Structures are given as C-alpha cells and as structure tokens.
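Visitor: Below is the structure I would like to discuss, written out as structure tokens.
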Amino acid sequence: MSSSKQHVRFDFADGLRGMAILCVILFHFTQTFWQHRARIGDILNMDPLEGYAEASFVLPFNLGAVGVGLFLLISGLLIPLSLTRMGGLRFAVSRVFRIYPTYWAGLAVTLLALWIAAWLADNDFDITRRDVIGHVSIAFQDMLGGRNIDPVMWTLKVELWFYALLGSAFALTGKRIKWAIWLLLPLVAMLCRGPNAQGLHGQLAHFWAYDQYFLSSVVCYFPLMFAGCWCYFYLTGQAGAVETVLHFVGLLAMFVWVTNWPSLELYGSYAIGISLFVLGVLRPALWSSPWLARVAAISYAWYVCHSNAGYVLMEVLAMYNLPWWLLVAAATVLTWYLALAINRWVELPTQKLGKRAADALKEKPATDNLARQ
C-alpha cells in the first residue's frame, strides 16, 4: 500500500454527515409532523393537530430515508478505520462513551418535552420505568419492552448491533476485516430471509424465533453499511475498482433482498442517499464545505434531541395560529441550540473520557516489555 493511500483523508464524510442531518431534521419538521398527525399525537399524548391544511413540503421522495442512508453508509466507511486501528476492545470502549452519554442527554430532553406536552394537554405523564429503561439501554429497547417514546432512536440500535457483531466477527477472524464482513453476511441472510422456527424444536426453536423477531429489522441494514466499508477499502488501496464495484452492487442488491419493502418510493429515496455518497467518494471536493462540517460537528447531538422537543414547540406555536414555516424555523433553531449545549457539555467531554479509557487499554510495545524484564 502506498503512503498516499495510507494517509487518505475522509473530510468529505463531514460534509455528507452535515447533509444527512439536515435531511432528517427537514423530514421530521416539514413532512412527518404535518403528514402523520395521529402518530405525533400518540407519541406526545396530545390530540392530533388540526388545521394547517396546506402545510408541509410534498416531495416525491422520503427525505428521512435519504439522510438515514447517508448516515449508515458513512458509518460503514469509517468503522473499518477505527476498528483496525484500535482493536476490538478499545473500539468497544470508545463507542460506548461516544454513543450512550450523548443519547442519555437527548433522552432527558425528550422526557422533558413529553412532560410539557402532557401538562399542556392536561393529561397524565404516562411514561413508565420500563419505557425509560428500554431507551437507556438503546440496543435492547425492543427486548425489554415498553413503549417507544423516541421515534428516532431505531437507527442507534442498528449502529450498536453493527458495532457489536462486526467487532465480534473481527476478533473471531483474527482481525481480518473483510473476512469479518463475509462471516456476517450468511447470518444477515438467515435472520432476515431464512426459515422460521417451525421446523425446529425445544430451546433452539425458541432462540431462533426470538433472534429473528428482534434482530431481523436491525441487521437488514447491515449490507448497506458493508457497502460503505468497501468504499473504505477502495480509498485506502485495499480493494481495486472492479472488486469494489462488484461488492458494492452485490451488497446493495442484498440490502433490497433482505429488507423486502413493498415501497419503491422508499428504495428510490435510499438510492438518492447512495448516489450522494458515491459522489462524495469519487469527488470528495464537492462536499468540502466548512458550513456543512460545522453542522456535522453537532449532528449526533442534534439527532438525539430534535424530534419530540421540536414537535412540542410546534404544537405550542400552532395554538397561536402562526404560519407553518415559522413553526418549522422555530423548532429548527431551538433544537440547534439544544444540540450545541449537549455537544459542549456532554458529547465532547465524554468523548475525551472515552479516548482516555481506550488509550489505557493499549498494549505495551514489545520493546517496553523487554526493558521491564
């Protein structure tokens, strides 16, 4: 591998991440809030919003799927870099510190927003301990039961299971990242499109049915993330153009097969995100925007705090019959500043703690060990 390949930069990923979070925010505030009022009312424990018949953007594609597709591909692009550089254990420690504290801060904002919604509607605050514990765990929310009170957390479950299973496979294959991916592909296929537990017996049947029920909706996104991994291999000289194209196309085909959605519009929306990602890989300068990089810097904090907080503010402002675009602008600005606060006071400090904890697990160099003998 050439030195230029070893030191390849992934700055374009920040631009793509900034674009992804903007797609998600706009989707929730300009589409979901207006087009799924009964669902929003159920989450907030409020009556569905009335009026505003002309509100929302009507687009021929799903902005949320564009953003999520970008996020998952970016994760796939960058995870091999961290995993191969840090090793499984240090990687796991850094990911825990990276994801959980910031999400918990966002969950606190969500709970406060839901309490305000219940107070405004003169309803009981009906969030249970099980609801909260499930969300605190993130990865096991479905398994622990309880109501889903945070409609955006599902992607974090996908990320965490991806880290856990790829990290485990990485260790099992002797730290061979491509082999780890190949090892997981049959598991993904079996969980999503494999036989059900009817032909099995005893504990094995129970175990397989349990795994299929809870994990099929999570691991079905792995092929899309693995496609991002192959772009990393290409950019770092670990895969040629032909190998990359064959794997990328094959993994996208597998993504379609294992998800098996009835909606062509949804696949078309993911295709837009995939196209933007490929454009970034081939023409990285197009995404080298300081403004998008600034947005990307707080993208995770913004993601975890925006939905319910923004929805409640929009419900409050709607009581005064303000223009719908003003509701969208106010929710965007409020949640932006909430994200800035979470980023400054929670995300950055806990990332530093995670780095220290991971660095403490570094193996001592062989020369160091000899010097001590």
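We number each residue from 1, going along the chain as drawn.
Quick reminder: no glycine exception, Cβ is built from N, Cα and C everywhere.
Look at TrEMBL and you will find 12-342 tagged as domain 'Acyltransferase 3'. The transmembrane segment annotation in TrEMBL covers 12-29, 57-81, 102-121, 152-172, 179-201, 213-235, 242-261, 267-286, 298-318, 324-346.
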Visitor: Establish whether the number of Cβ pairs under 8 Å between the transmembrane segment (213-235) and the transmembrane segment (267-286) reaches at least three, counting only pairs separated by 6 or more residues.
Guide: yes
Visitor: Spell out yes or no: are there three or more C-beta pairs under 8 angstroms between the transmembrane segment (57-81) and the transmembrane segment (267-286), with each pair 6 or more apart in sequence?
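Guide: Yes, the stretches contact each other.
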Visitor: For the transmembrane segment (152-172) against the transmembrane segment (267-286), do we get 3 or more Cβ-Cβ pairs below 8 Å once near-sequence pairs (under 6 apart) are dropped?
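Guide: The transmembrane segment (267-286) and the transmembrane segment (152-172): touching, no.
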Visitor: So, do the transmembrane segment (298-318) and the transmembrane segment (102-121) meet, by the test of 3 or more Cβ pairs under 8 Å (sequence gap 6 or more)?
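Guide: Touching, yes - the transmembrane segment (298-318) and the transmembrane segment (102-121) meet the threshold of 3 or more Cβ pairs under 8 Å.
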Visitor: Is the number of Cβ-Cβ pairs under 8 Å between the transmembrane segment (12-29) and the transmembrane segment (242-261) three or more, considering only pairs separated by 6 or more positions?
Guide: no
Visitor: Thinking of Cβ pairs under 8 Å, which stretch from 242-261, 267-286, 324-346 has the most of them with the transmembrane segment (102-121)?
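Guide: Looking only at 242-261, 267-286, 324-346, the most contacts with the transmembrane segment (102-121) come from 324-346.
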Visitor: Counting only residues 6+ away from its ends, which parts of the chain sit with a Cβ under 8 Å from the transmembrane segment (242-261)?
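Guide: Beyond its ends, the transmembrane segment (242-261) has Cβ neighbours at 185, 188-189, 192-193, 219-221, 223-224, 226-227, 230-231, 233-234, 267, 274.
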